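Participant: Take this structure, written in structure tokens, and hold onto it; I'll ask about it next.
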């Protein structure tokens with residue numbers, strides 16, 4: 001068991017379901033009497049592990065998979081001796097569940113979810129609950145919640161994070177949808193969820209697609225965290241010429257401080273992992289990153305809402321750039337580095353300390369942007385998102401869990417209406433302390449020709465956010481010059497000619513007219 005796995009296991013082994021005493025194994029039963037507390041459809045890795053997690057916490061679980069041979073194999077192997085029973089049809093599956101039926105699906109997002117819903121409906125009754133635990137896009141969850149409410153079915157879209165091991169030992173669960181379902185699923189979800197300081201990393205998020213929305217932003221932040229760590233690795237590897245083992249040692253040190261997190265921990269383990277020939281396996285892996293779309297959805301939604309979530313967007317684009325490997329290989333042969341020096345010649349230990357601070361500061365910016373986005377989404381979609389609860393849900397079980405999230409939870413518990421994370425005293429001091437090293441790292445990386453899209457955009461965003469007067473005044477003048485798109489005057493310069501709050505058009509050349517274009521915000 002890896003240290004990361006062990007850490008997960010320590011979070012959640014040994015708990016029992018709230019008000020649910022341990023039950024005897026179900027696998028020997030052959031009749032269809034309703035004994036199941038909870039049913040799960042989809043026996044891929046996540047589904048199997050969640051089922052065993054629920055069984056460990058005293059729930060009788062009914063399992064179903066479209067390929068029914070998987071059900072028999074699961075019962076004969078991983079589920080053997082546990083309070084888990086299989087079903088070979090949807091009709092049998094639903095018949096074995098106590099009412100109101102609690103049915104969770106872990107299937108591919110999109111059409112498969114809709115297909116299973118339609119297959120389930122003839123066998124469900126009013127008041128039953130369907131839970132989609134996959135990575136569905138939140139507009140689909142909005143639609144499904146309304147559709148199923150019209151049929152008397154309570155629908156929940158639950159974001160589940162933690163990967164295979166999280167599902168087995170305690171994930172972070174972010175449920176949203178029809179709130180009438182929450183009292184009936186709370187015991188299961190909060191029992192199987194990870195625990196942080198004794199609190200379950202699961203709480204009701206909000207209406208309709210709010211749960212899947214928060215999971216989407218979680219994944220976007222995950223993209224950002226991973227990209228930042230990759231850039232730090234690249235700086236140490238190519239900038240400082242450090243071998244993987246030494247980089248692992250640095251990460252081990254960082255994991256004892258402000259950067260203590262699951263992603264730093266597993267990256268340390270990756271650095272230490274050697275192939276059969278004794279050399280680091282990492283250096284043999286093709287540098288072309290995959291993605292499943294949730295980071296892209298976050299960036300697109302940020303653009304739709306007009307929110308400057310630059311770090312997540314850059315992390316998505318960095319994966320896109322990595323994917324054009326063949327073209328980059330050709331470019332590497334014709335586009336040379338031109339600079340004063342391609343070698344680092346400073347104080348290495350000081351620079352590593354600066355790099356730690358740069359990573360910390362950039363993470364703060366990423367989370368600040370993520371919470372800004374969720375805050376705007378709550379206004380746009382009419383949701384009541386509980387920011388302290390969201391931060392708590394991310395403290396354990398999920399991929400982005402870290403010590404750092406305890407400070408975010410504390411900040412929002414102290415000030416639930418906090419406008420921005422950077423206005424909290426703790427993070428305000430942290431970002432100011434990190435600034436000198438942060439700036440030095442970004443500057444030195446640029447001088448060495450090392451790409452740092454996430455570090456750089458985090459710093460640029462910070463400098464833009466703290467600037468009272470940006471050069472957007474020129475941009476507005478340009479728009480008005482070529483397209484009569486108008487501008488507004490600064491309050492301190494308002495007068496009879498240029499009135500405050502009005503859309504103003506100026507005939508910049510003397511040749512144009514006085515008609516302005518329509519004004520609207522895309």
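One-based numbering along the chain as shown.
Every residue gets a Cβ built from N, Cα and C, even glycine.
Feature annotation from TrEMBL assigns NADP(+) binding site to 42, 43, 44, 45, 46, 47, 65, 66, 67, 107, 108, 109, 135. Taken from TrEMBL, the feature substrate binding site covers 135, 161, 162, 163, 218, 219, 223, 292, 319, 479, 485. Per TrEMBL, the feature domain '6-phosphogluconate dehydrogenase C-terminal' maps to 211-509. Per TrEMBL, the feature active site, proton acceptor maps to 215. The active site, proton donor annotation in TrEMBL covers 222.
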Participant: Counting distance between Cα atoms, which of the binding-site residues 46, 65, 485 is nearest the residue listed as 'active site, proton donor'?
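Facilitator: Its closest listed neighbour, by Cα, is 46.
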Participant: Should any of the binding-site residues 44, 135, 319, 485 have a Cα within 10 Å of the Cα of residue 215 (active site, proton acceptor), which are they?
Facilitator: 135
Participant: Among 135, 161, 162, 163, 218, 219, 223, 292, 319, 479, 485, recorded substrate binders, what is the largest CA to CA distance in Å?
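Facilitator: Greatest Cα separation within the listed binding residues comes to 49 Å.
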Participant: Residue 42 (NADP(+) binding site): which of the binding-site residues 218, 223, 485 is the nearest Cα neighbour?
Facilitator: 218
Participant: State the mean pLDDT for the domain '6-phosphogluconate dehydrogenase C-terminal' (211-509).
Facilitator: 95
Participant: Cβ atoms within 10 Å, counted per site: which of 65, 67, 135 has the most, among these binding-site residues?
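Facilitator: Of the binding-site residues 65, 67, 135, the most buried by Cβ count within 10 Å is 65.
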Participant: Including all protein chains shown, what's the count of other C-beta atoms within 10 A of the C-beta of residue 46 (NADP(+) binding site)?
Facilitator: 21
Participant: What count of other C-beta atoms do you get within 10 angstroms of the C-beta of the residue listed as 'active site, proton donor', across all chains shown?
Facilitator: 22
Participant: What is the interatomic distance between the Cα atoms of residue 46 (NADP(+) binding site) and residue 162 (substrate binding site), given in whole Å?
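Facilitator: A Cα-Cα distance of 9 Å.
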Participant: To the nearest Å, how far is the Cα of residue 108 (NADP(+) binding site) from the Cα of residue 485 (substrate binding site)?
Facilitator: 45
Participant: Long-range neighbours only, meaning 6 or more apart in sequence with Cβ under 8 Å: which ones does residue 223 (substrate binding site) have?
Facilitator: 291, 295, 298, 312, 315, 316, 319
Participant: Looking at the recorded positions 215, 218, 319, 485, which sits with the largest number of other Cβ atoms within 10 Å of its Cβ?
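Facilitator: That would be 215, with the highest Cβ count within 10 Å.
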Participant: Would you measure the largest Cα separation among 42, 43, 44, 45, 46, 47, 65, 66, 67, 107, 108, 109, 135 for the NADP(+) site and round it to whole Å?
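Facilitator: Taking every pair of listed residues, the largest Cα separation comes to 21 Å.
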Participant: Among 42, 162, all listed as binding-site residues, which has the most CB atoms within 10 Å of its CB?
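Facilitator: Ranked by Cβ atoms within 10 Å, first place goes to 162.
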Participant: Determine, to the nearest whole angstrom, how far the Cα atom of residue 135 (NADP(+) binding site) is from the Cα atom of residue 218 (substrate binding site).
Facilitator: 11
Participant: What residues, ordered by sequence, lie under 8 A Cβ-to-Cβ from residue 44 (NADP(+) binding site) and sit at least six positions away in the same chain?
Facilitator: 106
